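Peer 1: What follows is a single structure, and I will ask about it in a moment.
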Amino acid sequence: MPRTTPAPGHPARGARTALRTTRRRAATLVVGATVVLPAQAATTLKEAADGAGRDFGFALDPNRLSEAQYKAIADSEFNLVVAENAMKWDATEPSQNSFSFGAGDRVASYAADTGKELYGHTLVWHSQLPDWAKNLNGSAFESAMVNHVTKVADHFEGKVASWDVVNEAFADGDGPPQDSAFQQKLGNGYIETAFRAARAADPTAKLCINDYNVEGINAKSNSLYDLVKDFKARGVPLDCVGFQSHLIVGQVPGDFRQNLQRFADLGVDVRITELDIRMRTPSDATKLATQAADYKKVVQACMQVTRCQGVTVWGITDKYSWVPDVFPGEGAALVWDASYAKKPAYAAVMEAFGASPTPTPTTPTPTPTTPTPTPTSGPAGCQVLWGVNQWNTGFTANVTVKNTSSAPVDGWTLTFSFPSGQQVTQAWSSTVTQSGSAVTVRNAPWNGSIPAGGTAQFGFNGSHTGTNAAPTAFSLNGTPCTVG
């Protein structure tokens, strides 16, 4: 519950608000006084972000701070930190009304000790929900949710500047509500209930809703947009929207900035909250260059929207990235590689913030004794980029077809076969038919023309039985495509 006086170790609410806005006010005032250091003087991404008046954050596992290279980068390159797992429900309330804040407090202490803004993640999420909570129903479940939100937000009051109050409320495809325990037991109203409880517990923290696959303008982001618009119209306390941005190399939505702007126009802040850009491994110079360009696009999209607060990457090093465990054969998604070497994305982010990186001598990576595998080959004409988000026995595929020939394609059919018995259950921006493992995808009425060098995109939901290997061969209008 709200306190009338701050508890020991908590600054007064007004003091916390002033501290939270210091960086952006300082950036504005210093520029106004014309004494700001030139952008070229930035030697770290933190300095570049500070100079741009934006956050640049990372997801922290406090157990890794004992690793010298990890801590050195964490200390110097970021001005915001978010707990990767330490503030989620299973970590903070493993049994009913028995709270455990040890790991979360370590993250909060680290933020305070290093002068970083602390971002809270997450109060209500259907994943990592303890079994005891899943077994509750009706009013008991709602009371447990409100109690959890209240106790956790109250504990970190004065330390957390912003909270992901509700995470991943919408499903993929047409953007219906996520079929979660919260939705099943409490219906649509649970989101509003959670936000009102969070505001009551901490009246000055910014309250955010956070989701994935909403970076472009699509059915899912439209559902999120409609909810935010409704909340703002009715005075529900929602201050910001987080765009997770777990992206795939070469597939940054072209309307990312426009999407951020339309949410900002509703009167909320926006931020990029969990950025990583994965590729098929092993990496190579071409993939890393494309990844760098993609990181730059994402940061530039934020920089072009006044109410975009900043960018957070979901980890520091590829060594500890979540990606390979969830997407076998993919990875290399972060700004530092598994040996803590800066990748080309580092300089790209620096430039997007408006600074120029300071060159640092590097030792060339030894040439591997085993040649890098060559991507699946085919005649110059088409390329397919295959991206998947998967869970238990389901998945969502997002597919980009690129016309690499010198002539336009007018009407297209893409064919491939599933290697592991997968089944398509729902498709969009296309017409999909399946016979056994063979899948045929035909264009929708609006995306049948692909100019030379242009792309068409479609997606579908599917089911699998535990193995979800990606197709290895595609043909467009009978011509084999490369896979990249």
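Any Cβ shown, glycine's included, is placed from N, Cα and C.
Small disclaimer: the values here were computed from a predicted structure and weren't measured.
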Peer 1: Tell me which of Cys240, Cys308 Swiss-Prot records as disulfide-bonded to Cys302.
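Peer 2: Disulfide mapping in Swiss-Prot sends Cys302 to Cys308.
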Peer 1: Let me make sure I read this right: Swiss-Prot says Cys208 forms a disulphide bond with another cysteine. Which one, out of Cys240, Cys382?
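Peer 2: It is Cys240, per the disulfide annotation in Swiss-Prot.
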Peer 1: Count the residues of the domain 'CBM2' (375-484) that DSSP assigns to helix (H, G, I), to strand (E, B) and to coil, and report the three numbers in that order.
Peer 2: 0 helix, 63 strand, 47 coil
Peer 1: Since the record lists Glu168, Glu274 as active-site residues, which of them has the fewest other Cβ atoms within 10 Å of its Cβ?
Peer 2: Glu168
Peer 1: Quick one: Cα separation, Glu274 (active site, nucleophile) versus Glu168 (active site, proton donor), in Å?
Peer 2: 12
